[in-house]
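In what follows, a single structure is set out as structure tokens and then discussed.
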Amino acid sequence: MKIIEIKDNQFLQSFLNRNNYEEIEEIDEKVDKILAKVEKEGDQALLFFTEQFDHVSLQNIKVTEKEIEQALQEVEEDFLKVLQEAKENIWQFHQKQMQNSWFFNKEESITLGQKISPIERVGIYVPGGKAAYPSTVLMDAIPAKVAGVSSISMVTPPGKDGKIHPNILAAAKISGVDEIYKVGGAQAIAALTFGTESIKPVSKIVGPGNIFVARAKRKVFGYVDIDMIAGPSEICIIADEKAKQEFVAADLLSQAEHDELACSILITPSLEFAKSVKRQVEEQLKQLKRKEIAQKSIENYGAIIIVDSIEQAFTLSNEIAPEHLEILLENPFAYLSKVKNAGAIFLGSYSPEPLGDYFAGPNHTLPTSRTAKFSSPLGVDDFIKKSSIIYYKKNDLEKVKDKIIFFTEKEGLEGHGNSIKVRF
Ligand SMILES: NC(=O)c1ccc[n+]([C@@H]2O[C@H](COP(=O)([O-])OP(=O)(O)OC[C@H]3O[C@@H](n4cnc5c(N)ncnc54)[C@H](O)[C@@H]3O)[C@@H](O)[C@H]2O)c1
Ligand SMILES: N[C@H](CO)Cc1c[nH]c[nH+]1
Ligand SMILES: [Zn+2]
């Protein structure tokens, strides 16, 4: 893990700019080909790519009711209870985000308003390459249910046995997912966008995934809506020497173990503290089951940045716009106003990032790659849309008709003017 002085601006900038454009170009080329083949060949292409990337030859893409029932038998009873409790916390939090339609009256009888409607068909992506994420099923599906979405199609890559992990299927059942398909990567995004023999197209695709998923979502935007770019996980911690080094190291590693491309950064004013966290990271890393992934991530995208002041720590963190920001300083609420860009903010020593990943209630599908500068966590807003409402009576229209006709003349649109004139 590198220790970088904030004064080393050149190195810092190259470290923070994680886009390796050559690599992204290569991935984009591959993604373009996958999207085109699925659009043209449908299910056949899905089966082809599943064999190529997930190393399994499937008979059916759609998960059957029988498979779901069987999975429910296999899942530990205690885990079902935890899923249920997590669901309730996530539901409660997202219900607060609900928006209502509104109307107001202007003058005598004019009524104007805004009607909220759920998006009808959405697709949720649940990652499944390096790990199975039942928590992501809850985080993607529950806000859609709260918003009133009537059809939720879930896609996730199958394991080498051609099955979806029973914990994923149980989470889908608990969250009210309607259809489940065994397909992942860019090919799954293509299928949800264009439709295939087995998969009906949707209007919006949400959910996190690896770089292939993230780039594919970017490319299909416009054919469908997407939530955001939620790619490889990130954590940024602002801490001083009063924080517990063991906590800081563990929290950094919690995200490093997701992906070789995950990014874990500590920002601190204390060099001594930095050195002891670095030692802790090295120690704790050895104990992790996923140490190979975490080690690569820490080597390539892990850093401890030494700043001159806490003020400077927040300026830098706002520039990084991390997916997760932990503030491990005394009286953390006092610093909240300094945070401008972050997907989720964790305050104090007993709100570690995994609390948010699994249980607290706020969504864990969050903007990454500095997109927290303009994107928000996945939520109910992602699953609704708005329609404007306009109601005028004859005398209301009569009062403004000449102004509208005058306006239509300025735009040279006689047909528009006639639509007003014909009524009087
Ligand atoms: N931001 C968030 O909210 C959030 C939440 C959970 C997970 N994550 C991130 O999601 C990601 C999950 O990644 P994952 O890989 O475990 O699962 P994944 O399901 O996103 O990706 C696996 C799929 O990628 C495709 N793929 C793999 N290698 C390929 C190749 N060489 N060419 C073409 N396609 C290929 C395959 O189709 C495979 O099924 C991690 O980066 C994790 O950090 C983010
Ligand atoms: N930290 C991930 C989002 O970056 C979400 C997750 C799911 N399971 C564990 N963690
Ligand atoms: Zn996580």
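Glycine is no exception: its Cβ is also placed from the backbone N, Cα and C atoms.
Residues or ranges marked as coiled coil by TrEMBL: 58-85. When pLDDT is averaged over the coiled coil (58-85), the result is 95.
Neighbour density for Gln187 (NAD(+) binding site): within 10 A of its CB lie 29 other CB atoms from the protein chains shown. According to TrEMBL, the NAD(+) binding site annotation covers Tyr125, Gln187, Asn210.
Sequence annotations record features per position, and here TrEMBL assigns substrate binding site to Ser233, Gln255, His258, His324, Asp357, Glu411, His416. For His324 (substrate binding site), applying a Cβ distance below 8 Å and a minimum sequence separation of six or more within one chain yields Ser233, Glu234, Ile235, Cys236, Gln255, Ala342, Gly343, Ala344, Phe346, Glu353, Gly356, Leu366.
Using a 10 Å radius centred on the Cβ of Asp357 (substrate binding site) and all shown protein chains, the other Cβ atoms total 20. Annotated Zn(2+) binding site per TrEMBL: Gln255, His258, Asp357, His416, in sequence order.
Note: Glu323 (active site, proton acceptor) has non-local neighbours Ala230, Ser233, Glu234, Ile235, Ala342, Gly343, Ala344, Leu366, Pro367, Thr368, Ala372, i.e. same-chain residues 6+ apart with C-beta under 8 A of its own C-beta. TrEMBL lists Glu323 (among others) with the feature active site, proton acceptor.
Marked as active site, proton acceptor by TrEMBL: His324 (among others). His324 (substrate binding site) carries a strand DSSP state (E or B).
For ligand 2, the nearby binding-site residues are Asp357; that is, of Gln187, His324, Asp357, His416, these have a C-beta under 6 Å from one of its atoms. Here His258 (substrate binding site) is compared against the binding-site residues Tyr125, Gln187, Asn210, and the shortest C-alpha distance is to Asn210.
Of all the binding-site residues listed here (His258, His416), it is His416 whose C-beta has the fewest other C-beta atoms within 10 angstroms.
Around the Cβ of Asn210 (NAD(+) binding site), 20 further Cβ atoms fall within 10 Å across all displayed protein chains. For ligand 3, the nearby recorded positions are Asp357; that is, of Asn210, Glu323, His324, Asp357, Glu411, His416, these have a C-beta under 6 Å from one of its atoms. Mapped onto three states, the DSSP output places His416 (substrate binding site) in helix.
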